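Here is the structure we will look at.
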Amino acid sequence: QLAVSFGPVSGSLAMSPNTWVIEMPTQKARSHPFPRRISPYRAPSLNRDAFTREPPSGPSRNYDHPVFEDIRTILSVLKASGLMPIYEQVSNYEVGPPNKTNEFYSFFVRGVVHALTIFNIYSLFTPNSAQLFYSYRETDNVNQWIELLLCILTYTLTVFVCARNTKRMIRIMNEILELDEAIRRQFGANLNQDFGFSVKFLVGIAASQTYIIVLKIYAVQGVITSTSYILLAFYAIQNGLTATYIVFASALLRIVYIRFHFINQLLNGYTYGQQQKRKGNGGGRQQRGGSYPSPSPSPAIMEHFPEDSLFIYRMHNKLLRIYKGINDCCNLILVSFLGYSFYTVTTNCYNLFVQITAKGMVSPNILQWCLAWLCLHVSLLALLSRSCGLTTREANATSQILSRVYAKCRDYQNIIDKFLTKSIKQEVQFTAYGFFAIDNSTLFKIFSAVTTYLVILIQFKQLEDSKGEDLVPEST
């Protein structure tokens, strides 16, 4: 046996809260289809769909870690667009900064983006873009102009923030990889999950932007100029990449959520309910020679709590640091995107109301345009709200589970007291630059505000209609 110390080195092989014993696998163990459980404690309660067993060890080779393999598609899109650094794979559990060639490529792409942004802003203030603005009412041109300007501002801010946070994002990825490596060594489990939702959202974003641009082209009267084509194409790219980054932020939060859930499942084995289940089953199942993750809850032995708790506390602290790091990298982008989404949802809901209540012929083009925008932004807001809400709830659930362990055994209350004292002083929430928290209630709050503004806009529309009807007899 090899003693590995995470604190002061103990002179004996007796286990202490700062010491783990790692059993070196034999040749027979290596050929076993399931890995040995490196931790000498009980098998954790795991979800078969979320956590997979580590494959048999073989010749060492460099490959992407499963957690980033699941989001490879969305990472490739962000790398190609310059929003993510083209990092180097140093080892299975470490990524390095981009080399000079990749760094120059990202710098060049960002330069092209900023040049096109300046060109499009200039075009908005010239008559060249006038043919792109069609409206049911004259005042709606202003709304479309503001919406286009907010889109440009949001994407430009996204590019600027991503360029500034290149090193921070690589550090977050390495911290996730280090955490997964520690879990693999301790419990023999890979905490990866199928992130198929990210690919589905990418396909949906591409399809919706293509459909919106086709509708816009068909609605333009006359021959479309080259300036209008550039403005339309870059407008679609800006919307698509901004939405892609929101999906990427949601995927990162889902990764953190899975790891919070893992440590909560470990702690849940020490709660009163699980301990009672263990007594009813005549003792927990412990496999001599190592165990592996089980899909059913497995109660823990309380004597192992000091050793497990130290590892879990460190995991929790590191996850909180990763959680805060993701928030710091995305907060400015989230503020801008939420403002842009709020304005887009409000204006499109208003346009739908105008079309539905119009006395003349309803325009199918405008109806399809509004519905496409609403589907895109509502789905992104729902994804972001759900991911933030799940991760925040799981991060705060750790102290609640520990409270149940606290009531179970008085012998280890001093260990739990330190963690609970820190948790009380530490508020865990995902915010938009500190202005407001993003959670499951965010979508409801946004639609409440949209409803309020819709009532105001409808009242102004009715006032405008009444003035127009009063002017008709005077002109005749």
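These residue numbers are counts, starting from 1, taken along the chain as shown.
Here the Cβ of each residue, glycine as well, is placed from N, Cα and C on the backbone.
The transmembrane segment annotation in TrEMBL covers 107-125 (among others). Counting residues 6+ beyond its ends, the transmembrane segment (107-125) has Cβ neighbours under 8 Å at 80-82, 145, 148-149, 152, 155-156, 159, 163, 227, 230-231, 234-235 in the same chain.
The transmembrane segment annotation in TrEMBL covers 145-163 (among others).
Long-range neighbours of the transmembrane segment (243-260) within the same chain, counting only residues 6 or more positions beyond its ends whose Cβ lies under 8 Å from a Cβ of the stretch, are 50-51, 67, 71, 74-75, 77-78, 81, 83-84, 158, 162, 172, 176, 179-180, 183, 191, 193, 195, 198, 201-202, 205, 315-316, 319, 322-323, 326, 330, 333-334, 337, 376, 380, 383-384, 386-388, 390-391, 394-395, 397-398, 430. Positions annotated as transmembrane segment by TrEMBL: 243-260 (among others).
The region 'Disordered' feature in TrEMBL is assigned to 277-299.
Sequence-distant contacts of the transmembrane segment (325-346), counting only residues of its own chain at least 6 positions beyond either end whose CB sits under 8 Å from a CB of the stretch, comprise 146-147, 150-151, 153-154, 157-158, 161, 165, 168-169, 171-172, 175, 242, 245-246, 249, 252-253, 256, 373-374, 377-378, 380-381, 384, 430-435, 438, 446-447, 449-450, 453-454, 457. Under the heading transmembrane segment, TrEMBL lists 325-346 (among others).
Long-range Cβ contacts of the transmembrane segment (366-384) within its own chain (Cβ-Cβ under 8 Å, at least 6 residues beyond either end) map to 136, 197, 201, 204-205, 208, 211-212, 215-216, 219, 239, 243, 246-247, 249-250, 334, 338, 341, 344-345, 348-349, 351-352, 355, 438, 442-443, 446. Taken from TrEMBL, the feature transmembrane segment applies to 366-384 (among others).
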